[in-house]
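Asker: This is the structure I have questions about; it appears just below.
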Amino acid sequence: MAHQTQRRDTADTMTEVEVWDSRTAQEVNKSLYPPAVTNPFTHHTQLSAWQLACSIFLGTVLVPVRVSCIVFLFLLLWPVALLSTINLPIQPTEPVKSWRKHLIKPVFIFLLRLAFFCAGFLIKVKGKKATREEAPIFVVAPHSTFFDAIAVIVAGLPSVVSDTQHVRIPLVGQCILLTQPVLVRREDPNSRKTTRNEILSRVKSKMKWPQILIFPEGLCTNRSCLVTFKLGAFSPGVPVQPVLLRYPNTLDTVTWTWHGFSGFQVCMLTLSQPFTRMEVEFMPVYIPNEDEKKDPILFANTVRINMANALKLPVTDHSFEDCKLMISAGALRLPMEAGLVEFTKISQKLKLDWDNIHTHLDKYASVAVSSKGGKIGIEEFSRYLKLPISEPLRQLFSLFDRNQDGTIDFREYVIGLTVLCNPANTEKILQMSFKLFDLDEDGYITEQELTTMLRAAFGVPDLDVSTLFQQMAGKDSAQVSYRTFRRFALKHPAYAKLFHSYIDLQAAYIYSLPGEV
């Protein structure tokens, strides 16, 4: 009777556990829907036989002529670039003298626009460019190619944010220095903070610094969506002018992503076209309200949504970290898309950092690499847990399989382990599980006790749990203490969810028993 009372207490406790657990899990789950765009970091231009033939034929004529014209213009640009950067410091502390601004900049802009015209670019400008007093910062999106540098020319060579290494490139370095750039040192761990402070000091300064142009996405995408904006342009809390980029061409030859055409291929294909259309649209200046001034994330998201609406594109929470995960997935012999999890959303909602998610990717790869599509099926799931395919296992698998397509991708795996298998009350779940498995109540679980309980749970009378028990207890141990049990369950959280499910079944069974008289 004492034993039955203990089980009733367990059932009552389980009711409280469910209340604690469900609200948080439901709120997190609602905000973790799959992204509207699967992979914004790849691009594959499909050339028809006719398009390929035209590109080859026109390329043999146009490429040599265009390259010759561009080289000639660059020879003219070289002395202008040298003259414009004489005695200019790499990291300026005050605005340049007015003669550089009024005499050299217009010549520089004219020659650069002429060079892009020779390359076949027909540039259409919409809207009105704001003055520095109206908007100290331009935010330009979507960023999809190195040809987006045209936006810098159209905007009148405002200051850009660039890596210090780019300044050392001949001619390109002089072009960057002329804009009085905000330079980033990748090797400096405080680089992000330093850059943010430099942008803030310039936009708040009473000196006549040029406007700053920033690509807030921070990397090239395929223009199918707007990914997460970095906060550098929005932290100062000053008005910004959104600038939209479009390439309304029948054949897309300009897009340059991590996985797609190389830079050389993009250049050759683009130079082989009769012309390449580009639109640069200056949207109305966006002035942040008081809440947005205090919250850069809110400010960035509002501007991003406005730009996405104007472009008629969706927004996703992919970021640069997703791109790194995609590359890591490829190195682990998984499809590159396997690494895409919408890092910004996942990290914020589930409180995971880069190291956590990268560790999850390594574990996921060890399970999924044997499957054909780089996803975990029910068979791989069963082998990973060393348990037979049964109804409880299928139920657990379906909890991970959020889109119910019969497989678990990496995003579902991360969400499942974090939301489903790591409830806020994990310690209570493990304590109750251990008590249920410890049939003789001696403080230890033996292989026989584990076998008895799991056979009952899975409905498999000949279930062999020796491998699982050895993995839990160690090769030379015949019993498992609570400390060992807890360490194993925390290291393999999918088991914690199975134990949780088993407690639910026990609670339901106890509630169905007739009451005591």
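Cβ atoms are placed via backbone N, Cα and C, with glycine included.
Annotations for this protein, taken from Swiss-Prot, read as follows:
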- Asp401, Asn403, Asp405, Thr407, Glu412: Ca(2+) 1 binding site (BINDING)
- Asp438, Asp440, Asp442, Tyr444, Glu449: Ca(2+) 2 binding site (BINDING)
- 388-423: domain 'EF-hand 1' (DOMAIN)
- 425-460: domain 'EF-hand 2' (DOMAIN)
- Asn29: N-linked glycosylation site (CARBOHYD)
- 143-148: motif 'HXXXXD motif' (MOTIF)
- 70-90: transmembrane segment (TRANSMEM)
- 103-123: transmembrane segment (TRANSMEM)
- 137-157: transmembrane segment (TRANSMEM)
Asker: How would DSSP class Asp405 (Ca(2+) 1 binding site) in three states?
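Answerer: Note: Asp405 (Ca(2+) 1 binding site) is coil by DSSP, not helix or strand.
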Asker: What number of additional C-beta atoms lies within 10 angstroms of the C-beta atom of Asp442 (Ca(2+) 2 binding site)?
Answerer: 10
Asker: To test your reading of the Ca(2+) 1 site: which residues beyond Asp401, Asn403, Asp405, Thr407, Glu412, same chain only, put their Cβ within 8 Å of the Cβ centroid of those residues?
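Answerer: Neighbours within 8 Å of the Cβ centroid, excluding Asp401, Asn403, Asp405, Thr407, Glu412: Lys375, Phe400, Arg402, Gln404, Gly406, Ile408, Asp409.
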Asker: In the same chain, which residues outside the set Asp438, Asp440, Asp442, Tyr444, Glu449 have their CB within 8 A of the centroid of the CB atoms that define the Ca(2+) 2 site?
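Answerer: Near the Ca(2+) 2 site, the remaining chain residues are Phe437, Leu439, Glu441, Gly443, Ile445, Thr446, Gln479.
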Asker: Say we define neighbours as other CB atoms within 10 Å of the CB. Which of the binding-site residues Asn403, Thr407 has the fewest?
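Answerer: Selected from the binding-site residues Asn403, Thr407 on minimum Cβ neighbours within 10 Å: Asn403.
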Asker: I need the CA-to-CA distance for Asp440 (Ca(2+) 2 binding site) versus Asp401 (Ca(2+) 1 binding site), whole Å please.
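Answerer: Computed Cα spacing between Asp440 (Ca(2+) 2 binding site) and Asp401 (Ca(2+) 1 binding site) is 37 Å.
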Asker: Report the DSSP secondary-structure composition of the motif 'HXXXXD motif' (143-148) as helix, strand and coil residue counts.
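Answerer: Counts, helix then strand then coil: 3 helix, 0 strand, 3 coil.
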Asker: For the domain 'EF-hand 1' (388-423), provide the mean pLDDT of the predicted model.
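Answerer: Averaged over the domain 'EF-hand 1' (388-423), the predicted model reaches a pLDDT of 71.
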